[in-house]
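In TrEMBL this protein carries:
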type	residues	note
DOMAIN	1-408	domain 'Major facilitator superfamily (MFS) profile'
TRANSMEM	49-72	transmembrane segment
TRANSMEM	84-102	transmembrane segment
TRANSMEM	108-132	transmembrane segment
TRANSMEM	153-173	transmembrane segment
TRANSMEM	185-208	transmembrane segment
TRANSMEM	229-255	transmembrane segment
TRANSMEM	267-286	transmembrane segment
TRANSMEM	306-327	transmembrane segment
TRANSMEM	383-402	transmembrane segment
Amino acid sequence: MTPPETAPSSRRLPNPAPVYLLIASRVARSVGQGALAANFILELKRLQWSAPSIGAVLSGGILFSIAATLLFGPASDRYGRKPFLAGYELLQCLCAFAGFLTEAGTPSVLVLSILAIAGGFGQATGGGAGAFSPVEQSWLSRFLPDRLRAHYFSLNTAIGFFGMALGTLSGLYPHFFPTLSSPEAHARAVFLTVMVGALLSLFLLLLVPDSREKFPTAPLEETLKKEWSLLRTLIGINALNGFSLGLYAPLMAYWFSLRFGKGPGSIGLAMGGGYLLAGLFSLALAPLTRRIGGVRTVIVGRGAGLVFTLLIPLMPTFFLAVFFHLLRVASNQGTIGARQALSVGLVGEARRGLAASLHNVSMQIPQSIGPAMGAALLSHGLLGAPFYIGALIQGGYLYFYYRAFEGFDRDQKKE
């Protein structure tokens with residue numbers, strides 16, 4: 001009689017309200033991110049920005065995010081999570097308001113550059129909090145038992161992608177609201193969408209209890225050495241992943257525009273479909289992490305994504321290229337939750353902000369190089385090169401990831 005009663009309870013959250021509030025805040029945030037992912041880079045292109053210039057501000061945004069991540073992730077371990085994540089939402093509000101004002105007059109190159117760099121505009125982060133994502137991840141992990149962490153991280157990722165899919169529909173604003181038919185009015189509506197989403201996310205975050213705690217027992221030196229060894233391994237392997245994705249992923253809207261001459265409406269629908277499928281894949285992979293383990297789930301999903309990456313530039317029509325782009329985004333992004341769960345699971349709770357920061361930064365530093373290099377290749381007419389080079393490096397990432405962390409799945413099953 002006991003097993004049937006305890007099995008369901010083992011899947012229940014001891015304190016579900018903070019978990020669902022954090023997930024809901026991600027939904028609100030992700031709608032604005034989806035709107036920016038579908039429109040911001042195309043707005044820069046409309047304003048006659050060159051490919052190298054677009055790549056440069058995207059790279060600058062990633063570098064700024066790296067510096068902020070290294071500062072705020074570890075600091076949240078000491079001072080609590082809420083002040084930092086609330087500060088991020090306020091920053092998004094201010095940046096969106098600045099964008100709204102500049103589109104009301106003559107678009108300023110300086111202001112738009114600041115939005116791309118400080119606000120992270122144009123970076124598709126799956127509804128995450130940009131440079132403050134480690135804060136969000138460590139805060140969420142505080143309310144989750146180890147055995148459920150990968151499951152709820154995958155759910156959190158899925159919900160973020162659904163919100164981004166909704167946000168990409170902002171590319172269709174002019175079709176439903178004739179007053180937004182001019183590019184300037186459309187851009188203002190996009191920035192307003194970001195502002196509303198950030199304010200709602202901020203309100204929800206204020207309802208979540210902070211997770212600042214004292215950890216009276218210092219970890220053993222042997223434990224710290226083991227954790228740092230695992231983190232160094234993760235950093236090296238993640239560098240391959242970040243560089244491979246940076247070559248083409250941030251430039252997909254621009255690539256579709258160059259290759260097929262499509263505008264925000266068509267590209268927004270394509271990207272929205274990708275985020276929707278990514279959310280569905282994340283939901284499907286959540287129970288899979290409990291069956292085969294988080295590491296194997298990553299290998300299956302990212303391996304499929306590698307194949308789809310190779311196929312995208314070979315497609316002769318926009319429809320076929322979009323089809324494989326959707327599959328690539330879904331299979332790649334659907335594993336984010338499993339990868340995040342592994343990174344925070346490598347260390348004790350008092351160091352999860354640091355671990356999540358290193359996980360992100362180890363991808364962001366090489367990824368910051370990618371857009372500039374990818375844009376340079378595109379400017380020389382090498383439209384397939386970023387995909388082929390990226391897929392080759394991604395293969396190396398998958399090999400080393402499995403070799404390094406395959407035992408992590410076995411350890412989780414023992415628990």
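Backbone N, Cα and C define each Cβ position, glycine as well.
Within the same chain, the transmembrane segment (383-402) stays apart from the transmembrane segment (108-132): fewer than three Cβ pairs sit under 8 Å, each pair at least 6 residues apart.
Per-stretch counts of Cβ pairs under 8 Å to the transmembrane segment (84-102) identify 108-132 as the leading one among 108-132, 229-255, 267-286, 306-327. Of the ranges 49-72, 108-132, 185-208, 229-255, 306-327, the one with the most Cβ pairs under 8 Å to the transmembrane segment (153-173) is 108-132.
Of the recorded ranges 49-72, 229-255, 306-327, the transmembrane segment (267-286) has the largest number of C-beta contacts under 8 angstroms with 306-327. Residues 41, 84, 112-113, 116-123, 130-135, 246, 250-251, 254, 357, 360-361, 364-365, 367-376, 378-379 of the same chain lie 6+ residues outside the transmembrane segment (49-72) yet bring a C-beta within less than 8 angstroms of a C-beta in it.
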